[in-house]
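Engineer: Sharing the feature lines straight out of TrEMBL:
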{"type": "REGION", "residues": "1-112", "note": "region 'Disordered'"}
{"type": "COMPBIAS", "residues": "94-105", "note": "compositional bias 'Low complexity'"}
{"type": "REPEAT", "residues": "198-240", "note": "repeat 'WD'"}
{"type": "REPEAT", "residues": "414-455", "note": "repeat 'WD'"}
{"type": "REPEAT", "residues": "457-498", "note": "repeat 'WD'"}
{"type": "DOMAIN", "residues": "490-571", "note": "domain 'Sof1-like protein'"}
Amino acid sequence: RRSPLVRASPPPGSARGLWRPRRGSQAARICHQVTPAEVASEGRCQPPPSLRPALPTNAPALGRGRDRTAKEPPPASAGRQNYGASQDPAKPASVRSSSHVTGSSMGKAEVACGRRRRGAALIWNPSWSSAGRATKMKVKMLSRNPDNYVRETKFDLQRVPRNYDPALHPFEVPREYVRALNATKLERVFAKPFLASLDGHRDGVNCLAKHPKNLATVLSGACDGEVRIWNLTQRKCIRTIQAHEGFVRGICTRFCGTSFFTVGDDKTVKQWKMDGPGYGEEEEPLHTILGKTVYTGIDHHWKEAVFATCGQQVDIWDEQRTNPICSMTWGFDSISSVKFNPIETFLLGSCASDRNIVLYDMRQATPLKKVILDMRTNTICWNPMEAFIFTAANEDYNLYTFDMRALDTPVMVHMDHVSAVLDVDYSPTGKEFVSASFDKSIRIFPVDKSRSREVYHTKRMQHVICVKWTSDSKYIMCGSDEMNIRLWKANASEKLGVLTSREKAAKDYNQKLKEKFQHHPHIKRIARHRHLPKSIYSQIQEQRIMKEALNRIKHSKPGSVPVVSEKKKHIVAVVK
């Protein structure tokens with residue numbers, strides 16, 4: 001781009017020459033008048049035109065090299081700013097630098113030289129040779145590498161330099177504490193876990209099952225023999241089957257999701273299509289197996305066409321046969337529940353009314369081992385992420401997490417319920433599980449904690465018989481005596497729907513803050529506080545008084561009563 005000063009008229013005078021711009025610096029261009037004498041001596045060593053000051057008209061002629069004796073006087077305008085008007089009356093306005101537009105009278109090189117020489121003009125350097133070779137000039141410049149602050153793409157995060165030295169941020173911890181306190185309070189303010197109630201059964205809901213492939217499909221069995229298939233997205237029943245006479249004792253889905261199995265009080269095992277009958281077809285089961293005794297539970301293999309039932313014994317069935325492949329028993333009481341291991345699929349466990357938890361291996365004809373507890377276990381559930389870990393729901397108000405390789409001591413005893421625990425189910429992550437209790441509440445326990453992190457209850461909810469955690473780890477379903485299936489959020493204060501990137505970042509940041517300050521007394525008190533029904537609260541206080549009164553160690557002579565840990569207190573024996 002050419003400067004407008006190039007087209008300016010030449011100054012008056014006898015000197016005739018060519019007008020052409022010379023690049024004196026990056027900041028501005030100097031318009032210089034070239035005389036014929038300068039054109040003739042262009043090959044000789046002369047200072048750059050942009051750095052040569054203007055001479056008065058009566059100045060003596062300068063010689064070459066060492067013959068140069070006269071000194072050039074400093075210009076009157078050196079070191080001053082030029083805001084568009086010529087500082088030297090003898091200098092015409094048309095010869096001014098184009099930097100008058102920016103208000104600077106010197107280019108970058110001129111400014112550097114002016115700062116170094118304190119405003120004095122440049123003089124001829126005798127070190128310049130007559131051959132036209134000048135010494136190198138060092139110029140210091142400020143540089144900024146774009147790689148340090150420019151994003152590679154527009155989707156990248158902005159690079160914000162920050163010094164993490166704690167000495168520069170003295171109020172960072174108090175500021176983060178206030179943010180953690182506010183985040184904990186807001187979590188309790190927005191804790192509204194209840195989502196919906198699915199009503200339609202005419203009797204209490206006795207069992208639940210999840211579809212292995214479809215998150216929105218749930219199956220439920222009632223005490224009147226009715227089986228319903230629900231669509232959680234629409235929150236309505238899409239199919240109703242009168243499956244059995246009497247209770248539906250158990251329900252499970254095939255691993256591929258094409259069919260499901262039910263057992264009931266009518267001593268039958270029935271297999272049903274997951275899709276409804278076609279137009280004009282009647283609702284009939286695919287297969288029906290008539291047994292000799294009442295079946296109290298059923299579970300399907302996770303990978304093969306094999307399922308297991310329990311009653312007076314544990315039977316392993318092939319889907320294509322009417323007789324069991326093998327039958328295993330250890331004891332004489334009825335078995336209430338049987339579950340396949342989701343990882344080591346040839347392992348399965350059962351619990352019976354004689355207080356036993358028995359482990360089986362399909363590859364053997366006899367059971368592996370069993371553990372006997374103080375009271376009866378109602379059901380068990382395997383951890384989906386750890387092959388040898390399972391949790392048992394017991395009648396003594398507790399849940400016990402065992403490692404099947406060491407059954408003599410439970411890994412953890414989970415205590416918070418005030419009545420018998422009837423069902424338990426793991427989260428798909430394997431880090432938490434949910435329990436259903438006779439005390440009309442459900443609780444969520446971390447696997448490695450003895451106390452629950454959440455308790456859910458409503459005014460109308462009665463004894464909770466069954467509970468399931470959905471496969472996306474976000475919702476919990478429970479079925480209770482008053483004929484309803486309730487849908488809850490796994491995280492009570494979680495916002496439903498699609499979150500923006502800023503919302504996700506704020507959520508993660510608040511979660512880290514709460515974890516950082518979780519042991520602070522004020523934050524811990526707010527995070528643990530829960531409103532409980534009066535019946536549960538009074539039972540907690542009553543049990544606390546009874547436990548204090550039955551503390552033999554406290555009311556006995558020191559050393560007379562042996563100390564038994566809570567984990568080993570409820571284990572009677574382990575039989576292999």
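Backbone N, Cα and C define each Cβ position, glycine as well.
TrEMBL does not curate its annotations; it predicts them automatically.
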Engineer: Work out, from DSSP, the number of helix, strand and coil residues along the repeat 'WD' (414-455).
Structural biologist: 0 helix, 21 strand, 21 coil
Engineer: For the repeat 'WD' (198-240), what are the same-chain contacts with Cβ under 8 Å, counting residues 6+ beyond its ends?
Structural biologist: 246-257, 260, 262, 264-266, 272, 274, 276, 465-468, 470-472, 475, 477, 479-487
Engineer: If you run through the repeat 'WD' (457-498) with DSSP, how many residues end up as helix, strand and coil?
Structural biologist: 0 helix, 18 strand, 24 coil
